[in-house]
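Enquirer: I'd like to ask you about the structure that follows.
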Amino acid sequence: MAAPLLHTRLSGDVTAAASATLSASRTGLSDMLALESDFFNSPPKKTVRFGGTVTEVLLKYKKGETNDLELLKNQLSDPDIKDDQIINWLLEFRSSVMYLTKDFEQLINIILRLPWLNRSQRVVEEYLAFLGNLVSAQTVFLRPCLSMIASHFVPPRVIVKEGGIDVSDSDDEDDNLPAIFDTCHRALQIITRYVPSTPWFLMPILVEKFPFVRKSERTLECYVHNLLRISLYFPTLRREILELVIEKLLKLDVSVSRQDIEDAEEKAAQTCGGTDTTEGLFNMDEDEDTDPEKKADQEQPNQMAHPTAERLDVLLCLLLSYIEDVCRVHGKIDNNKTKDLYRDLISIFDKLLLPTHASCHVQFFMFFLCSFKLGFAEAFLEHLWKKLQDPNNPAIIRQAAANYIGSFLARAKFIPLITVKTCLDLLVNWLHMYLTNQDSGTKAFCDVALHGPFYSACQAVFYTVVFRHKQLLSGNLKQGLQYLQSLNFERIVLSQLNPLKICLPQVVNFFAAITNKYQLVFCYTIMERNSRQMLPVIRSTAGGDSVQTCTNPLDTFFPFDPCVLKRSKKFIDPIYQIWEDGSAEELQEFKKSTKKEVVEDEDDDFLKGEVPQSDTVTGLTPSSFDTHFQSPSSSVGSPPVLYIPGQSPLLTRIYD
C-alpha cells in the first residue's frame, strides 16, 4: 500500500518546518558544536586499510601512486557496504579533509553518492559532521554537496527488472520520507553555518533540480513541499522560491483548460456511475487508526480525473496551505507577516500572472491572501487600478488589469459594498474622461485595437453591476437607483465607441436586462443594430473589396471564474460569490415581457445560445469565443493618470 501523500496542507510540516527552523536556530548550534567536540575528542576507530590511512592514500596519489586510491573508491562503491564501514571511512575523511582538494573530485562524488539517509542514526550524524567539515575546508565542493541534498527532495525511484527489461519505474512509497526530508533540511542548515553564502549558491540548484512538470503528482508535491520549507529558514530566498513554484504551476494551468477538466470529470463520473457518489457520502471518518486501504478510498473523491489537473490541484493546495500557515499565527492573522508575503506575491503576480492570458486557477493565491483582511483586498484593487489607468503600460497589461478588477469585485464575497461603489466610481469616471478626450479626436469610432483598455474597463463595470446589482439596490431602492443613475451609463452605451458591440455577449445581455428593468438605459436597440452590422457588407460585385464592418472582438477572460479543482476549492468556496441562478431566471422573465422589438431568436440566446452549459455567467471562459486581438503599445486618448500618492480615492489600508 502506498504511503500517504505528504501533507496536502503544510500544517504538520510547516509547523514541523517552523519548529524545525526554530529548534535549528536554538539547538542546531549546540548539536553542531557537540559534533565538533566528538570529532576532536574521539580518535578514528580501528579499521582495515589497503595501503594505509586515507591521509596516506591521498598523499600517495599526489606523488603519482594511484592504486590505493582506486582500491579506496571501489570499497566506497560497494553496494553492500555496512554502517560501521561507512562510519569508519567518514571518520578518516574528516581527519583528512584538508587534503581533499579539487584533484579528488571523483572521490568526493562517490562519497556524496553513499546511501546515508536510510542508515542508522550514527551514520547520519557522522555524515552530517563530514559535510560540515568538508565545505568549511574545501568550499569548492559546496555546489556538489547542495546538489546531493536537493536530489533527495523527491521520493527515490524504484526500478523493477524482469529479464533485463524495466517493467516498473515508480516512486518509492517510503514511510520514512518525512524523516529523510527533515535530515536534508538539517544538512542545509549545518552547511550554512560554515558557509553563510549557501543560499546564494542553493537557488540555482533548486531551479535545476525541479522535476519536469509531467512527473507524478507525488514527486512534484514532495519537491514543492521542501522548497516551501526552505523558504522558512532562508527568508532571503522566499520570493525566488515562490516565483519558481508559481511559474511551474502556471505551466500546468495553461496546459489544461477548464473545459478539459470538466469534460474529464464528467467522463469519469459516467464511467464510475453512482459508486463514487456513494463513497463520498459515507466516507467521513477521520480516525487516524483507520485501515490504510480505507483511508486511501476516503481520499479518492478529491482526486481529479485529468492527470494535469490532479498535479495542479495538489500543488495549488500546497501553496494555499503555505500562505495560510505563514500568515496565521496562533489562529490569528499576523499583519506584519502577511504584509511581507503580500509584497512578495504581488511582485510575482505582476511578473508572471498579469501578462499571462487564460490562466484558470493559479491566480487564486492572490484571491485567497486578500481575504485575510480588507486592507489587502483594497491594496490589490488599487494596484490593479494603477496598472489600468497608466497609459505607459502596454495595452494588454491594462486590459488584463481591468479583467482582474471586474472579476475580483464580482466574485470576492469579502469585499463590502462601499468598496465596490468606490471602485465603480473610479472606473466610470475614468470612462467618462476617456470619452471626453475622444470627442475632439479623429479616432472616435469602434475599434478594439485603438481602445482596448476602454472596452475592458467597460466590461469590468458591466460585469460588476451584473453580479452586485442586488446589493446595490437592496435596503433603500430609491437611493440605490439614484446611485446607478449618477453613473450615467447612457453616455457610455450610446457613445461612438459602442462598447456593447465589443464586450462579451453574455455580459452585455445580462447588463442590458438589468438596466432595462430599472430604466437606467435601454440597450436593446443598439444591440439589434450591432447584430445587423456583424453581417458582411459587399461594396461591389465587380472585383470590388468585400467590407466586413465588425471589428476585432475583445480578448476576454475572467480570472476568478469558478475553481474546479477539488482540493483547492475548499479554500476558495467559503469566500467566493457564486452566480445565483434565480437572478438569471428573474431577468429572463423580465426580458421576455419587455423586449418586443428585438428578434425572437434572441430570447433563447439570453441563457442558452450565448451562455455556457451552466446557464450562468460563471461558465465564461477564455475559450468562449475566438480571439483576434491586436494589442498596440498604448491606446489613444487615455485620460491623465488620476492617482496621486496619498490622495487616491481608494485608500490602501492595512488594518491592525
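Just so you know, glycine gets a Cβ as well, placed from its N, Cα and C.
Computed from a predicted structure; not experimentally measured.
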Enquirer: Looking at Ser170, Ser623, Ser634, which is the one Swiss-Prot tags with phosphoserine?
Expert: Ser170
Enquirer: In Swiss-Prot, which of these is labelled phosphoserine: Ser168, Ser593, Ser614, Ser633?
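Expert: Checking Swiss-Prot against Ser168, Ser593, Ser614, Ser633, the phosphoserine entry points to Ser168.
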Enquirer: Provide the number of Cβ atoms within 10 Å of the Cβ of Thr198 (phosphothreonine), excluding the reference atom itself.
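Expert: Taking all protein chains shown, Thr198 (phosphothreonine) has 19 Cβ neighbours within 10 Å.
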Enquirer: Could you pull the average pLDDT for the region 'Interaction with POLR1F' (498-650)?
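Expert: Per the prediction, mean pLDDT sits at 63 for the region 'Interaction with POLR1F' (498-650).
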